[in-house]
Amino acid sequence: MAKITKANSVGEWLDQRLNTTTFNKVMMTEYWIPKDINFLWAMGVLLATTFGILLISGIFLLMYYKPDVNLAFDSVNYTIMQEVAYGWLFRHMHGVAASVVFLIIYIHMFTGIYYGSYKQGREMIWISGMLLFVTFSAEGFSGYMLPWGQMSYWAAMVITNLFGGVPVIGDALVVWIRGDFNVADATLTRFFMLHVFLLPLVIMALIAFHFYTLRIPHVNNQTSEEFDFDAEAEKYLSGNKKESKVIPFWPIFISKDLAVLGIFLIFYFYLVFFHYNFAMDPVNFDPADNMVTPAHIYPEWYFLWSYEVLRGFFFDIAGVKAFDIGLAAFGFANIIFVILPWLDRDTKILPAHKRPAFFIWFWILMVDLIILTIWGKLPPTGNNAWVGFFAATAFILLFVLLPIVTKIDAKKRGE
Amino acid sequence: MSNETNRRDFLGYTFAAVAAVGGAASLVGMKQAWDPLPSVLAGGFTTIELSGIKAGEPETFTWRGKPIFVLKKTAEMENNKRDLVIGEDRFTVAIGLCTHLGCIPAWKKTKWKCACHGGEFNPSAEQVFGPPPRPLDLPPFSVKGTQIVLGEEGPEYKKIAAAMKNA
Ligand code: FES
């Protein structure tokens, strides 16, 4: 056993037993962050905070929500909204945070792409981040189902039906996932379990893992400059703070994060109190009815781009069914970001504005994603169908071309 | 020394074997826990009376929570291999879930149109436009006079199902 002596303070008492001093050093005061990063790097802290809000507001909702097809709708729209003190607030905080969390995830993700933070040595950061994105998507979808409104119901119908595209076992798989021939009570209760227990557990584990992946390669910076973190930390600790390229996470760096967080929270609570509706579809205020499909269904805004890739291919090409092309494209859209580190053939880590071809690629991708998102919500008829088709094709082409685009940049620099 | 190692190895293999059997058994159990319950499977049968249906105006019934379209064809509507012929009348019987992603298409004068992604089905329930990969599915049924019972596979159903397969 370690040597335990009489402690003079609570801190010392804990330190002797839990080694809190070292822990604080490793996690906070000697966790080094490059000086040269901007507000876009604060998204991690924003996400952690938003997840905290989701967790806490979720616990309060959980106390009144009833996972039963006959009770679910009223437990949300009557009990929580009308009867529970501040129930409306918890619901809106939960709903708005669920939407905003995706906005921040996307910013976080595209910051990473812009500055090349997924490249050589940082692949695990990127992969664990993408795993988080996928789990968050499953979490968002399973939560969307719970109020058992019309949109919830039909979203569940469409998403579970997607598994019917799996060869041979597809139909049986759909029945198995639903636990019924239709989206029904068994489906609701199992998605409830996923949403309030299993997926949050996985998310928390992945968040811990995502943080850990940063420890060895360290966080990237605005110029993607590579430097020796140990040497820079040494400089800082010896008092040479001005010359050192790093600062400690706590208390120096976090102050900047907290400033950004403050602004974000003002925006977030503005939404919660004045625009909580933006993420709520009026159709979802009709109770689920398995005999009537709403005239036009679409997912939440953050899934629209991949939804549009799915339905962009509306006609058969070379004997392949439109349905299969759509599913394949959808699958492509969902895994392609994961393998991004290997599609980028540029041997250097550089921000996009120092890689001319990649810079253009990046902004075309942004525009394409915005188009997909907008058209994902429009009815898929006439010209809209064609816009969807071309935008979906462009999306796929962009990733097919990425290895070439990145090679061109490397060549131009003479590598 | 080598003796010692072998003993450890043996323990390791034994543990691996026990863990593999236990793991496989657990997976089977977990898979079955997610299967539909017996009460769901028993699902019941639905009887539909066809005599009251007006030609050209499809009706929707419910079977196992799914919508079932029954259309009595008018004289102008084409003959099809999946027509259920009862006396003089020809019927289209179909599960009313779009074969694309499962929305319920709505009848618009001469065809079913799916609002979700624009799929269209003709009066014989065949896909004529958009992403649906195949005609609306045929529910199992048997014929009793002017009634059909959904959930049983009668000879008429088998004939139509076979004809659809060979097409
Ligand atoms: S679900 Fe009908 S066209 Fe997609």
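The backbone N, Cα and C atoms fix where each Cβ goes, and this holds for glycine too.
What you are looking at is a predicted structure, and each value in this text was computed from that prediction instead of being measured.
Feature annotation from TrEMBL assigns domain 'Cytochrome b/b6 N-terminal region profile' to A:10-223.
The domain 'Cytochrome b/b6 C-terminal region profile' annotation in TrEMBL covers A:239-415.
The transmembrane segment annotation in TrEMBL covers A:39-65 (among others).
Annotated transmembrane segment per TrEMBL: A:96-118 (among others), in sequence order.
For the transmembrane segment (A:124-146), the list of distant contacts is 65, 67, 72, 76, 98, 101-102, 105, 108-109, 112, 117-118, 152-153, 155-156, 159, 187-188, 191-192, 194-195, 199-200, 202-203, 206-207, 209-210, 213-214, 217, 299-300, 302-303, 334, 337-338, 340-341: same-chain residues at least six beyond its ends, Cβ to Cβ under 8 Å. Taken from TrEMBL, the feature transmembrane segment covers A:124-146 (among others).
The transmembrane segment feature in TrEMBL is assigned to A:153-179 (among others). A Cβ distance under 8 Å defines the sequence-distant neighbours of the transmembrane segment (A:153-179), meaning residues of its chain 6+ beyond its ends; these are 141, 144-145, 186-187, 190-191, 288-290, 293-294, 297, 299, 323-324, 327, 330.
If one looks beyond the transmembrane segment (A:191-212) by at least 6 residues along the same chain, the residues whose Cβ comes under 8 Å of a Cβ in the stretch are 48, 51, 55, 58, 62, 67, 125, 128-129, 131-132, 135-136, 138-139, 142-143, 145-146, 156. Residues or ranges marked as transmembrane segment in TrEMBL: A:191-212 (among others).
Per TrEMBL, the feature transmembrane segment maps to A:258-278 (among others).
What TrEMBL lists as transmembrane segment is A:325-344 (among others). A Cβ distance under 8 Å defines the sequence-distant neighbours of the transmembrane segment (A:325-344), meaning residues of its chain 6+ beyond its ends; these are 109, 113, 116, 118-120, 122-123, 126-127, 130, 133-134, 162, 165, 305-306, 309-314, 316-317, 358, 392, 395-396, 399, 402-403, 406.
Look at TrEMBL and you will find A:356-375 (among others) tagged as transmembrane segment. Beyond its flanks by at least six residues, the transmembrane segment (A:356-375) meets 110, 113-114, 301, 304-306, 308-309, 312, 344, 346, 384, 387-388, 391-392, 394-395, 398, 401-402, 405-406, 408-409, 412 of its own chain at Cβ-Cβ distances under 8 Å.
Remote same-chain residues near the transmembrane segment (A:387-405) are listed as 305, 308-309, 311-314, 329, 332-333, 336, 340, 343-345, 357-358, 361, 364-365, 368-369, 371-372, 375-376, 380 (criterion: CB distance under 8 Å, separation of at least six residues from the stretch ends). According to TrEMBL, the transmembrane segment annotation covers A:387-405 (among others).
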| field | Long-range neighbours of the transmembrane segment (A:39-65), counting only residues six or more past its ends (CB under 8 A) | value | 72, 75-76, 79-80, 84, 87, 90-91, 93-94, 97-98, 100-101, 104-105, 107-108, 111, 146, 196, 200, 203, 207, 219, 254, 256-258, 260-261, 264-265, 268
| Averaged over the whole of the domain 'Cytochrome b/b6 C-terminal region profile' (A:239-415), what is the pLDDT? | 91
